[in-house]
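Trainee: What TrEMBL shows for this protein is this:
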- 274-440: domain 'Helicase ATP-binding' (DOMAIN)
- Cys502, Cys505, Cys542, Cys545: Zn(2+) 1 binding site (BINDING)
- Cys511, Cys514, Cys529, Cys532: Zn(2+) 2 binding site (BINDING)
- 534-689: domain 'Helicase C-terminal' (DOMAIN)
Amino acid sequence: MYAKVIVDVPTGGTDRPFDYYLPEALAENASKGMRVLVPFGQRKLTGFIVDIVSETKLEKVKSVSELLDLTPVLNNELLRLGEWLATETICFQITAFQSMIPAAMRAKAMKKLSLLSKREKLPMNVQALFGQADEVDWAQVPADARLLRDIRNEAEQGHLTMKYALKDQAKHRKVKAVVIQRYETPPATEKQKQALLFMAEQYGEGELVAIQILMKQAAISRSVVNTLIKNDYLQEKEIVIDRNPYTDAEEDGNEEKATLTSDQTDVLAKVKKNITQSQATPMLLHGVTGSGKTEIYLQAIDQLMEAGKEAIVLVPEISLTPQMVERFKKRFGANVAVLHSALSVGERFDEWKKIQEKRVQVAVGARSAVFAPFTNLGLIVIDEEHESSYKQEEYPRYHAREVALWRSRYHDCPVVLGSATPSMESYARAAKGVYELLSLPERVNQKPLPDIELVDMRLEMREGNRSVFSTSLLEKLRDRLKKGEQSVLFLNRRGFSTFVMCRNCGYVGMCPHCEISLTYHQRDGQLKCHYCGHEERLYERCPSCESAHIRYFGTGTQRVEEELQQLLPEARIIRMDNDTTRKKGAHERLLKNFGAGEADILLGTQMIAKGLDFPNITLAGILAADTLLHLPDFRAQERTFQLLTQVSGRAGRDEKAGEVVIQTYNPEHYAIQLAQSHDYLSFFKKELGQRKQAGYPPYYYLTLITFAHPNYATAMKAGEHAGRVLRSNLGEDAIVLGPTPSPIARIKDRYRCQCMVKYKDEPALTELLRELFTYFQKEIQQDQRFITIDRHPNMFM
Ligand SMILES: Nc1ncnc2c1ncn2[C@@H]1O[C@H](COP(=O)(O)OP(=O)(O)OP(=O)(O)O)[C@@H](O)[C@H]1O
Ligand SMILES: [Zn+2]
Ligand SMILES: [Zn+2]
């Protein structure tokens, strides 16, 4: 027997199956979708078996060295999905396959065969293998056909399992930590001072911090920590960390269902109908904020579980809040696996295993959970379907929605796309009848959507108010404080990133390697580039004119918090941003505190825009609505409308009515006006007109090809070549733009230019892009990625 293997070398020449002989001992136990170790040139590489055949056309083939799995890690469906993914997104097959399995399996981890039941239950030969031990190294297991078969059988019955020896494999693990011992006399070096200050500020006295975490957060090396320990500034201890991320959220899964409103009942009936009739129908659920969309997902899933089916629920990473997870845990208890990036590699693997071993019927997770290895899917839900995080911005550049639609056709099950502000593309499809449109036009509580006041910040400025807070917003905040009600304040981090500018000559601190301004980090007084990591100290004088009037601009959440505290000294404020949520569990804790009424105001970035469902919030404030409006991106208006609507939706979700204040410098802009009147449909129509005129989705599909090279002319020449090939091979309707320099013209010392293809129906394009991809791959070194092809791009920078 021969195995056709996709090997782990992501280059053009190896992007096809290679034939390997399967020695008898392995042949019997090998199957499609398992990983193997094979000789390749001088090396041994891992690969995926994509087929097993009885003949090969080749004269001489090498043998498979080792099977790496007991059971396939990719089933037939996922193997086919991987092929489709590679074709559609123009990437290598190996890249597609790797992206569908948990990172733990990708790592070169040591594998152990581990006993799950009494050893007496095992056949004699397997018992002998274990002897008195509970685990054996997989590498030591002899390649004996019968033994391997028996091991596999036992694994299938759950008596054995393969473990990956990851650093955090144990349920509890011990790690080295430090606690502050003294800080009266400052330590010798800047770095040490900085580390100690960081400890004092972020953790205070008596609090233990894992050394690994401290190193990452304070950006210091281990030797700095060691010196501090040696000089008695810090004391070293050992702490035990629990691996279960949801210790607080263990629920029994018996929460009562809500009695549905009549709109909800109608919608649920339609979803259920498609589930029971196995219809691969995409449905767009357009429901205003607080209309009870999540309740519908829960009840639909509840029913399909009884029929033995499975469900995937995708939510954006940032709305994978403890609140969301808790709702699923409360309803389904241990029958849910949760997959998101805050988990460690080991934890994610554990959750994935639950799915693969059929111990759960529901997976809730961010983008990559769309690959959950279920075999009997009854429903896929994509909540907040308009979110741009559903698109992966590295290879394979897939959109979770497209993968979900593919799987739904494979399993004959419906997909529900839910949103209060559907993407232009999805709503257009629903309007054309390609998707079934479901709607929930009212809130569950029968209350109207909150009143939204627009505040013109230009007028505030003219009236001499230089604060971040308008008079009206401040007044309303005071009012809530008096009444004991809660407020959320939203600050868009992207627009507020702080850069350094000279007030005298206008000089802006730029990264010397990338065409982008440096961001000021107050904590360590450094200027940093967010693209390449370049760092320098904040200048005291302008490097250009030597003036001392150089300072940082923009307002970070921290500064807003300070100002707010000064204006409202009695307010209890919780700030949620990247800085305050870095510590594991911090996100949960802050929200819990807020939910428990321990604060009056929640001030935060994107992470508070979604999913929050607290009854006592009656005021939502958006400090600067315009920050998204001016990005060089045709979706800027759409994103602004979506964000304003989402944040507004946090207020007045229960008995008490809600109110919203939007501060803006463009109060007459339609995206802002229509968000104020809660008028999605008018926004859709208006925006559709704009898109039509400019030739953007949903009227045209887009493909973006970016070339990057240390030499500007080389990059442009490649762009011109690609432009020529595309122009001469595509149909009349297709528009090829460029090459032009990219909006960010240089990153990491490489110049960037791009070609944009706009098209309606170009069956030949996929093939053509593949050819370009292969052509340019040949020309370049592996480490210098030179061409990037993005089908249906979300970012144009
Ligand atoms: N039929 C119902 N009766 C009573 N309460 C309900 C009902 N349906 C949902 N709820 C509650 O109403 C609140 C809002 O519902 P849910 O979070 O499902 O809305 P949503 O549409 O998903 O909101 P958003 O998109 O704004 O996050 C929740 O607290 C939920 O438990
Ligand atoms: Zn840089
Ligand atoms: Zn200057």
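Glycine is no exception: its Cβ is also placed from the backbone N, Cα and C atoms.
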Trainee: Going by C-alpha positions, which of the binding-site residues (Cys502, Cys505, Cys545) is nearest Cys529 (Zn(2+) 2 binding site)?
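Mentor: Closest by Cα distance to Cys529 (Zn(2+) 2 binding site) among the binding-site residues Cys502, Cys505, Cys545: Cys502.
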Trainee: For Cys502 (Zn(2+) 1 binding site), what residues in its own chain, 6 or more apart in sequence, show a Cβ-Cβ distance under 8 Å?
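Mentor: In sequence order, Val508, Cys542, Ser544, Cys545, Ser547, His549, Ile550 meet the Cβ cut-off.
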Trainee: Across all chains shown, how many C-beta atoms besides its own are within 10 angstroms of the C-beta of Cys505 (Zn(2+) 1 binding site)?
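Mentor: By my count, 13.
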Trainee: Per 10 Å Cβ neighbour count, which of the binding-site residues Cys511, Cys532 ranks highest?
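Mentor: Checking each of Cys511, Cys532, the winner is Cys511.
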Trainee: Measuring Cα to Cα, how many angstrom lie between Cys511 (Zn(2+) 2 binding site) and Cys505 (Zn(2+) 1 binding site)?
Mentor: 18
Trainee: Other residues with Cβ within 8 Å of the Cβ centroid of Cys502, Cys505, Cys542, Cys545 at the Zn(2+) 1 site?
Mentor: Arg503, Asn504, Gly506, Tyr507, Pro543, Ser544, Glu546, Ser547, His549, Ile550
Trainee: I need the CA-to-CA distance for Cys532 (Zn(2+) 2 binding site) versus Cys505 (Zn(2+) 1 binding site), whole Å please.
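Mentor: If we compare the Cα positions of Cys532 (Zn(2+) 2 binding site) and Cys505 (Zn(2+) 1 binding site), the gap is 27 Å.
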Trainee: Between Cys505 (Zn(2+) 1 binding site) and Cys514 (Zn(2+) 2 binding site), what C-alpha distance do you get in Å?
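Mentor: Given the Cα positions, Cys505 (Zn(2+) 1 binding site) is 22 Å from Cys514 (Zn(2+) 2 binding site).
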Trainee: If you count the C-beta atoms lying within 10 Å of each candidate's C-beta, which of the binding-site residues Cys514, Cys545 ends up with the smallest number?
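Mentor: Ranked by other Cβ atoms within 10 Å, the binding-site residues Cys514, Cys545 bottom out at Cys545.
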Trainee: Tell me which binding-site residues (Cys502, Cys505, Cys529, Cys542, Cys545) have a Cβ under 6 A from ligand 3; sequence order is fine.
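Mentor: Listed by sequence, the hits are Cys502, Cys505, Cys542, Cys545.
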Trainee: Do any of the binding-site residues Cys502, Cys505, Cys514, Cys542 touch ligand 2, in the sense that the CB is under 6 Å from one of its atoms?
Mentor: Cys514
Trainee: Looking only at the domain 'Helicase ATP-binding' (274-440), what is the model's average confidence as pLDDT?
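Mentor: Averaging the confidence scores along the domain 'Helicase ATP-binding' (274-440) gives 92.
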Trainee: May I ask you to report the DSSP-based helix, strand or coil state of Cys532 (Zn(2+) 2 binding site)?
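Mentor: Note: Cys532 (Zn(2+) 2 binding site) is coil by DSSP, not helix or strand.
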Trainee: Determine the Cβ neighbour count for Cys529 (Zn(2+) 2 binding site): the number of other Cβ atoms within 10 Å of its Cβ.
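Mentor: Result for Cys529 (Zn(2+) 2 binding site): 21 neighbouring Cβ atoms inside 10 Å.
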